[in-house]
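**Student:** Just passing along the structure, written as structure tokens.
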């Protein structure tokens, strides 16, 4: 921590906040300054059990934390249904916003949030951690290599995890009044983002949800998938689910090469991430094997990906506070495109799996 560290407050004590509070503690340019819950006792317990510094402030309401002039930025791990209200208020209080994903229930709410951030000159970033892993940048270099990969043609992405009956009955991610987007918002966000990442954030022309989506009795998505089509012929699919085994795959196929990884959301080990790259592969003379073989790549890191995320966000905030920079629009622009595709998947399901055209 330095004297220019960005002072973070956390509103809400969701499970994911355990991970991000640790990331704030580990980030070299951030400090954990406060936590708020609707219960003062819960906030105090959260701070005690998560190693908050002794000078950190404990608040029994979100409003009290937002009124604290010593807080520079707020991490918001609240249910998606509450994002619009609290994100707008955070921005109006001139606090920079690191928010959990999905950013909003739909792109109309998303635009309201970003508008409030722009009007108040504050940075917004969503908490898609794997985007900040050094391995993600190395994989992007391969995708942009015209000799080894060339033009992207197809992407397949999958993020699923099996949940128990208690989760399917009681977790906020299956409640229409809390996280109405269900598995699509929680896991599908990552699949959509990975596809857009591989496609240099070019939006598809149409999105069609795959038949067989599973919804609970309240109409919340538990399992779904979709196909995406671009005008130039690129295509992609993703699958997300609360009902199948833990899987985190991306396969990106180009004219000459293929990228494959199996732990893109959360690495198998936080100290490293691995992927496979295949460039101009073929068969040997007897067609008994490949030549050349795919190459295995491992990227080791000094800081976990969530710490890299906090560090990057805090750097952007420092640039605004100390150098008078404008908020960086890169991250909200990427988030909005993710939200647009997510909206289209949901609309396609509601329309009986008809194609939905993306309108930016």
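Backbone N, Cα and C atoms are what each Cβ position is placed from, and that goes for glycine too.
Pulled the feature table from TrEMBL, pasting it below:
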- 6-125: domain 'Gfo/Idh/MocA-like oxidoreductase N-terminal' (DOMAIN)
- 145-259: domain 'GFO/IDH/MocA-like oxidoreductase' (DOMAIN)
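In the displayed structure, how are the listed features positioned relative to their neighbours?
**Tutor:** Taking the domain 'GFO/IDH/MocA-like oxidoreductase' (145-259) as a whole, pLDDT averages 98 in the prediction.
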**Student:** Looking only at the domain 'GFO/IDH/MocA-like oxidoreductase' (145-259), how are its residues distributed among DSSP helix, strand and coil?
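**Tutor:** Here the numbers are 26 helix, 42 strand, 47 coil.
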**Student:** Going by DSSP assignments with H, G and I as helix and E and B as strand, what are the residue counts for the domain 'Gfo/Idh/MocA-like oxidoreductase N-terminal' (6-125)?
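**Tutor:** Across the domain 'Gfo/Idh/MocA-like oxidoreductase N-terminal' (6-125), DSSP assigns the residues as follows: 53 helix, 26 strand, 41 coil.
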